[in-house]
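These notes concern the structure reproduced below.
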Amino acid sequence: MRFSAAIFASVAFAARPFDNEPDTGIDAVLGGFAANKTLPPLTAIQGLPDFDWAAREYLPAANYTYYRNGAAGEWSYRNNLEVFQRFRLRPRVLKDITKVESSFATSILGYNFSVPFFISPCARGANGHPDGEWNLVKGAAKGNILYMPSLYASKPWASIYDQRNSTSQVLFQQVYLDDPSANSTKALFKQIEAAGAKAIILTVDSPGDGVRHRAARYGAGSANTGLSYFTWEYFQELQSYTKLPIIPKGIQTVEDAREAIKYGAKAIFLSNHGGRQLDTSPSSLEVALEIYNEDPSIFKEVEVYADGGVRYGIDVLKLLALGVKAVGVGRPFMYANAFGVDGVVKAIDILKYELLNDAANLGVGNLKTIGPEFVNWKSTNMWFP
Ligand SMILES: Cc1cc2nc3c(=O)[nH]c(=O)nc-3n(C[C@H](O)[C@H](O)[C@H](O)COP(=O)(O)O)c2cc1C
Ligand SMILES: *[C@@H]1O[C@H](CO)[C@@H](O)[C@H](O)[C@H]1NC(C)=O
Ligand SMILES: *[C@@H]1O[C@H](CO)[C@@H](O)[C@H](O)[C@H]1NC(C)=O
Ligand SMILES: *[C@@H]1O[C@H](CO)[C@@H](O)[C@H](O)[C@H]1NC(C)=O
Ligand SMILES: *[C@@H]1O[C@H](CO)[C@@H](O)[C@H](O)[C@H]1NC(C)=O
Ligand SMILES: *[C@@H]1O[C@H](CO)[C@@H](O)[C@H](O)[C@H]1NC(C)=O
């Protein structure tokens, strides 16, 4: 029994124990696979947290740890997961929800996808499977969702574009500007345009190296190290280097959401890097709530994306309810990739299934019209009395 009274009693202390995934019986039912370090059949996977469990039991510890780790004491990592549980839904009943699935299709920067969730950029895809990012691009095509390859992919990142099902499959390319000189940045942007990316995701939340205790312990440090040069003025200048829209990823305050718009961003991406960069930085749900409370027109002025800790259909719904246009998922796809392309597709299918049934049970007949009234935004704050 994982959630014992002792765990609840320890809530008052700073170092309360943390269960990586909720106890839904997975150890009891699939423990045999953990014992012999094999992957269970995909049919036994019931939810996104199951992929975490399977990857942990199956992958070499350093491989898994690189995906799993968060910054320092991992408080932001945990908060990203737990924050969704602190806000109660306000389900409406006896609503016609029979057509909700037909409202899932959405556009992201004008490109059409089957659902408002996508694969966030994560480095080192080959830590989960020898084919690395190639599985993610193929899975994204099968599920008709957006994938954002990371600059620090295991596969040469341009080769990822060769794995598209056709040149019409849309990918947004994530970049760091470790060498911020204008010439090398221009050269990088040219390569990205030539590869066929439709937008540049510029990660702005990592000017320093992530302080990562767990990763350091397993020798699985960050793919992006060192101090990088970033100012809003430079962000504005960068936009003259390319025809592609540049979307800042890692907006964590309402002030920076406003700055991004002022300096020309057509979309913004709320993220604390999966809690891997700055411990106690806010989850994107908290940032979305801050924007909603203090400057809600931002959601109408630009497209707003958000990621971090999304593991269930209801998590997606809570972000959409505040005005977020599309929601990113990182680790679950990296863990699912241990099963190859089929695992990636299964992860997409699970989240689509949950989105459908959670929306129905919430009384949402049209995903496009979901609003903040479906959530009680007064936090129950249950974990931190
Ligand atoms: C293993 C791993 C590698 C990552 N690498 C990058 C990266 O190269 N660039 C980037 O902008 N974000 C990176 N991220 C952050 C993700 O894009 C995303 O913000 C985060 O994973 C979302 O949280 P989640 O994993 O809880 O879904 C990485 C995350 C993980 C887990
Ligand atoms: C590992 O354990 C599972 C579940 O007990 C079993 O089905 C499978 O055959 C085992 N695999 C190996 C290689 O022993
Ligand atoms: C995207 O979807 C919209 C609305 O469903 C449609 O009008 C448009 O033609 C689609 N665009 C493309 C490129 O398929
Ligand atoms: C572990 O990661 C290394 C480096 O990315 C990779 O070569 C290896 O195949 C991975 N192991 C598994 C089981 O995926
Ligand atoms: C490629 O994938 C997209 C998205 O799933 C789909 O709409 C399209 O039909 C596919 N194209 C080919 C050539 O298979
Ligand atoms: C940048 O590129 C331009 C044009 O190719 C060249 O004239 C200039 O010397 C380069 N600057 C640096 C610092 O390399």
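Backbone N, Cα and C atoms are what each Cβ position is placed from, and that goes for glycine too.
TrEMBL lists His273 with the feature active site, proton acceptor. Taking a C-beta cut-off of under 8 Å and a sequence gap of six or more, His273 (active site, proton acceptor) has these contacts in its own chain: Thr203, Asp205, Ser206, Gly210, Gly250, Gly308. A helical conformation is recorded for His273 (active site, proton acceptor) in the three-state DSSP classification.
According to TrEMBL, the glyoxylate binding site annotation covers Tyr66, Arg212, His273, Arg276.
According to DSSP, Arg311 (FMN binding site) is assigned to coil rather than to any helix or strand. The FMN binding site annotation in TrEMBL covers 121-123, Ser150, Gln173, Thr203, Lys249, Ser271, 307-311, 330-331.
The domain 'FMN hydroxy acid dehydrogenase' feature in TrEMBL is assigned to 40-380.
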Inset, instruction - Measuring Cα to Cα, tell me the gap between Arg331 (FMN binding site) and Tyr66 (glyoxylate binding site) in whole angstrom. - result: 10
Legend entry - Rounded to the nearest Å - Cα separation of Gln173 (FMN binding site) and Arg276 (glyoxylate binding site): 20
Legend entry - Tyr66, Arg212, Arg276 screened against Arg311 (FMN binding site), Cα within 10 Å - retained binding-site residues: none
Legend entry - Listed binding-site residues (Arg212, Lys249, Arg331), ranked by Cβ neighbours within 10 Å, top entry: Lys249
Legend entry - Sorted by sequence, non-Tyr66, Arg212, His273, Arg276 residues with Cβ within 8 Å of centre, glyoxylate: Asn69, Gly70, Ala71, Gly210, Ala215, Ser222, Gly274, Gly275, Gln277
Legend entry - Secondary structure of Gln173 (FMN binding site) (DSSP, helix/strand/coil): strand
Inset, instruction - Compare the Cα of Tyr66 (glyoxylate binding site) against each of the binding-site residues Pro121, Ala123, Lys249, Asp307, Gly309 and report the nearest. - result: Ala123
